[in-house]
């Protein structure tokens with residue numbers, strides 16, 4: 001061996017021995033450098049060495065943090081919040097980066113059970129500057145509490161103790177009968193016959209960081225908190241793995257009220273054999289079944305056990321018939337469908353599964369019909385063109401799951417129903433046409449779109465679909481339109497609406513997930529190029545799948561085309577539910593900067609429109625106030641001192657789009673001379689918003705004093721003088737005040753007792769004015 005190799009070997013051994021001093025167990029987690037025990041940099045032990053986890057895109061958007069918190073002993077299955085921090089928020093590790101590109105579903109109990117894009121220790125594309133940190137739910141449990149996990153019944157399992165808000169398993173060093181007596185007593189169970197279990201981790205490793213508590217119990221204590229203990233790391237130099245404490249207590253937490261192996265369904269009217277929450281009896285206690293991994297094969301075993309000889313079943317997830325109260329006995333049940341009892345199927349148990357996942361089923365006997373194998377039909381629609389998709393397989397009608405259903409499957413069904421070759425269709429998810437009484441037969445069906453029969457497509461046995469996810473469609477035939485022809489739907493004028501395009505002879509809406517230049521659309525519709533053509537999203541003008549299919553089409557344009565026909569278009573099969581819209585503007589013969597009023601009660605009031613680039617524009621209501629109103633009224637030749645600025649939602653949704661946001665000082669002669677700010681280019685941002693308007697007045701001898709909270713100012717030959725308070729206004733002035741449309745907080749005041757009282761003395765009283773009202777009473781809002 002060369003000298004250099006010897007030196008490197010010595011260094012590697014030294015490093016390894018130093019790292020082995022961490023005394024960690026392979027696969028365990030810890031949080032480092034946090035402000036509390038429930039947060040910090042996430043580290044994992046691999047081959048006795050602590051290292052970090054990469055906080056990349058995959059960690060953030062998958063269920064990785066939830067799995068890590070669950071493994072650390074925190075409750076995460078009841079809706080508790082779990083936070084993620086990237087960019088080495090809790091500092092950088094000095095060890096290796098062990099995990100990178102993790103893909104956890106969120107249901108795993110250990111990070112090492114998750115799928116990975118690269119091998120352990122492969123830090124490709126990552127560095128310690130991206131070490132991930134997490135925050136787990138605080139106070140998941142009360143310190144000193146105990147529980148038993150991973151046992152088939154509630155009276156046995158791995159011993160876990162709550163420490164600083166998280167559950168931790170207990171090392172079996174010096175764990176004996178006395179400690180077992182105390183655990184059973186603390187759980188309210190008879191302690192006399194308690195048995196410690198500490199061989200080969202009989203019930204599993206438990207959760208959290210295994211801890212050596214070194215209990216010293218006499219056996220007569222009420223809880224483990226009453227025993228002497230000294231806490232330390234759970235590691236033995238002479239062992240390569242942990243050994244975890246367990247216990248078997250005698251007795252039952254609830255009196256035995258059923259026979260082991262019995263099964264029932266608990267529905268709205270109590271236990272029955274037809275529909276409800278699946279419950280199984282174990283050692284005299286009714287328990288439930290988790291919906292994780294539960295599919296129609298498991299449901300058939302349940303129904304057959306309940307006496308249905310040729311069962312069909314509907315599956316209801318997530319405690320559809322309410323949450324059970326016993327243990328969750330079966331998790332990730334894996335039956336092949338032929339078993340006689342659930343315990344003959346493969347399954348796992350997990351303490352972290354809550355009753356929110358309880359599964360329910362509805363059992364019935366199969367009803368064979370004379371339907372032709374492979375035939376399809378649409379059911380429960382308002383027209384023959386739409387409905388829930390049902391397919392006949394082996395003489396029985398069944399439904400299809402919507403999870404993987406897209407444009408291709410829809411085209412096949414419509415074509416099979418004798419629609420045109422180029423037919424398109426709308427997709428309705430989440431059982432919009434109901435679930436029906438038939439079980440789902442097609443789960444993960446994948447067509448190319450060219451098949452003539454749905455049963456010719458691949459049907460993968462992905463059976464994790466459930467009640468409420470039945471697919472429906474609506475078919476559309478071709479029409480006499482020309483490919484590439486466009487029109488706008490839902491418009492109040494020809495210049496706005498959600499975009500429809502003729503695609504291979506079928507009118508479809510264009511999905512809003514892809515950018516299309518508004519100018520190209522407007523040019524094709526015959527409008528001149530302006531700076532004010534814009535687009536909208538989320539079906540702003542009412543385009544929906546009941547009118548036409550919404551298709552994801554990707555247009556490749558340079559921006560100079562006069563028509564979408566000149567762009568390259570490529571349809572995609574993605575599901576889309578909202579359409580893109582456009583607003584075009586016609587150039588008119590108006591002079592830039594001129595203003596006029598529309599939609600008002602007279603020629604002196606209404607919505608303000610200003611000519612901008614040859615187009616009449618409405619006014620963005622932001623910053624619209626008395627100063628702006630003065631300028632508009634002055635420009636229109638009205639008396640400017642008494643002008644009212646108005647914003648009104650009744651002026652929204654008009655064809656005229658919102659222009660600039662104006663800020664005036666009040667001294668300008670024209671609105672165009674005021675400062676202005678550009679509006680949003682999205683129609684959604686202004687379409688249903690208020691518009692700016694004014695109420696201008698002719699010359700008069702009376703006026704409201706600005707910000708006088710109801711005071712009125714009179715004029716004589718010397719100008720405006722004399723302020724009269726509201727409590728001394730006579731009848732004539734009272735009526736005049738109402739005529740002048742006095743405003744409070746943006747709303748016109750009527751003869752309401754809350755604000756205006758015409759009492760027996762014919763005086764005007766404005767009551768209930770508070771500090772909050774200051775500035776609200778005014779004719780200038």
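Residue numbers in this text run from 1 along the chain shown.
Cβ coordinates are placed from backbone N, Cα and C, and glycine is handled just like the others.
As recorded in TrEMBL, the features of this protein are as follows:
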DISULFID  104-114  disulfide bond
DISULFID  217-227  disulfide bond
DISULFID  335-345  disulfide bond
DISULFID  401-465  disulfide bond
DISULFID  414-475  disulfide bond
DISULFID  447-457  disulfide bond
DISULFID  557-567  disulfide bond
DISULFID  664-674  disulfide bond
DOMAIN    29-137  domain 'SRCR'
DOMAIN    146-250  domain 'SRCR'
DOMAIN    263-364  domain 'SRCR'
DOMAIN    376-476  domain 'SRCR'
DOMAIN    486-591  domain 'SRCR'
DOMAIN    595-697  domain 'SRCR'
SIGNAL    1-18  signal peptide
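Annotated features taken from TrEMBL, shown on the structure.
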residue: 104; record: disulfide bond; Cβ contacts under 8 Å, 6 or more apart: 62, 63, 64, 66, 67, 111, 114, 115
residue: 227; record: disulfide bond; Cβ contacts under 8 Å, 6 or more apart: 179, 182, 215, 216, 217, 218, 221
residue: 401; record: disulfide bond; Cβ contacts under 8 Å, 6 or more apart: 440, 442, 443, 444, 465, 469, 470, 471
residue: 414; record: disulfide bond; Cβ contacts under 8 Å, 6 or more apart: 423, 424, 425, 473, 475, 476
residue: 457; record: disulfide bond; Cβ contacts under 8 Å, 6 or more apart: 409, 412, 445, 446, 447, 448, 451
residue: 557; record: disulfide bond; Cβ contacts under 8 Å, 6 or more apart: 516, 517, 520, 564, 566, 567, 568
residue: 674; record: disulfide bond; Cβ contacts under 8 Å, 6 or more apart: 628, 631, 662, 663, 664, 665, 668
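376-476 is the stretch from 29-137, 376-476, 486-591 with the greatest number of Cβ pairs below 8 Å to the domain 'SRCR' (263-364).
When the disulfide-bonded residues 335, 345, 447 are compared by the number of other CB atoms within 10 angstroms of each CB, 345 has the fewest. Annotation note: residue 414 (disulfide bond) sits in a helical segment as assigned by DSSP. For residue 475 (disulfide bond), the count of additional Cβ atoms within 10 Å of its Cβ stands at 25 [all protein chains shown]. The least crowded of the disulfide-bonded residues 217, 567, judged by other CB atoms within 10 A of its own CB, is 567. All protein chains considered, the CB of residue 465 (disulfide bond) has 23 other CB atoms within 10 Å. Under the three-state DSSP scheme, residue 345 (disulfide bond) falls in the coil class. The number of other CB atoms found within 10 A of the CB of residue 114 (disulfide bond), across every protein chain shown, is 20.
A sphere of 10 angstroms centred on the C-beta of residue 664 (disulfide bond) encloses 22 other C-beta atoms. In the three-state DSSP scheme, residue 401 (disulfide bond) is classed as strand.
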